[in-house]
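Only one structure is covered here, and it is reproduced in the block below.
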Amino acid sequence: MPEENNSCVGLNEPRLVVRKFLAKPQYEGAGAIVRRSIGRFELRYFDPFLVLDEFSVTAPAGFPDHPHRGFETVTYMIQGSVTHEDFEGHKGTIGAGDLQWMTAGRGIVHSEMPSPHGTQKGLQLWVNLSSKYKMMEPMYQEISSKNIAETTKDGIKVRVIAGEALGTKSPIYTRTPTMYLDFTLDPGTHLQQPIPKPWNAFIYILEGEGVFGQSKSSASAHHLLLLGHGDGLEAWNKSTKLLRFILVGGEPLDEPLVQFGPFVMNTQEEIDQTIEDFENYTNGFEKARHWRSESGLSLDFLFFVFGLRSIHWLCNKKI
């Protein structure tokens with residue numbers, strides 16, 4: 001089958017694949033299974049990205065009440081649904097194809113629990129915030145699947161979670177400049193996608209097998225590919241099956257980073273203050289004192305009674 005070139009703009013310096021990881025399953029939260037590719041020991045941080053998890057969770061497992069400060073979580077559902085609720089009273093269900101872009105800012109305590117039937121699958125990305133935004137008020141940007149910007153051209157479909165591709169833009173506002181593109185390539189297609197030169201970028205493969213980068217590295221599902229410098233990505237589907245992957249890029253913050261589980265700040269002093277704020281229900285965590293999620297109550301999770309020990313637990317049980 002002849003290859004179709006779907007570039008809107010020619011690339012002068014296509015990026016190379018400089019590292020490749022296979023994300024292996026591990027247990028996180030309360031019995032959930034994730035494939036973590038960023039935020040593991042081989043790749044602690046890929047500025048501005050802190051964590052990338054491909055999660056698979058079946059009730060009663062899930063991610064019960066837990067805090068965040070200093071970054072954003074981006075939840076993109078692939079299959080099934082997850083119910084989200086927080087201590088501000090925000091509650092809803094994120095279904096297949098839906099997006100939730102949550103800015104934790106100065107502090108959120110929330111839960112993310114699966115629907116009671118079947119296995120729920122999705123991706124969660126943690127995006128760091130610059131120092132000027134770390135203590136902003138929490139907020140949400142949520143888009144249902146039917147309203148996500150999407151276009152198809154010559155055998156390539158893209159869902160534009162953030163940024164722009166094939167002439168289609170996302171309405172999501174990113175405080176840390178970010179692109180997040182969900183591509184599906186038919187057999188025999190060839191993609192050229194521009195990426196701002198100063199940005200860091202990676203690929204995570206969801207389905208099929210593809211050839212990526214100027215070096216034409218091949219990779220299959222559950223692999224993370226880090227891209228080197230250049231002005232864009234070239235990708236080929238040389239197989240007889242569909243290829244689906246996400247392309248994510250972001251402008252590096254180039255700021256000091258200190259992380260303690262679900263808290264991400266710039267200095268150790270700020271982390272110490274965050275722990276104090278959380279334990280004393282102050283400076284953004286006031287409503288955590290008397291709040292527990294409905295799912296936490298029904299499953300008898302006693303998260304808040306453990307004090308500092310709960311923070312230690314969360315260092316190894318993140319989403």
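The backbone N, Cα and C atoms fix where each Cβ goes, and this holds for glycine too.
Curation plays no part in TrEMBL annotations; they are all automatic predictions.
Record features, source TrEMBL:
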BINDING   His66, His68, His110, Glu112  Fe cation binding site
DOMAIN    34-127  domain 'Pirin N-terminal'
DOMAIN    180-283  domain 'Pirin C-terminal'
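Annotated features taken from TrEMBL, shown on the structure.
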residue	record	Cβ within 10 Å
His66	Fe cation binding site	25
His68	Fe cation binding site	25
His110	Fe cation binding site	23
Glu112	Fe cation binding site	29
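With helix defined as DSSP H, G or I and strand as E or B, the domain 'Pirin C-terminal' (180-283) counts 13 helix, 52 strand, 39 coil. Across the domain 'Pirin N-terminal' (34-127), DSSP helix (H, G, I), strand (E, B) and coil residues number 0 helix, 65 strand, 29 coil.
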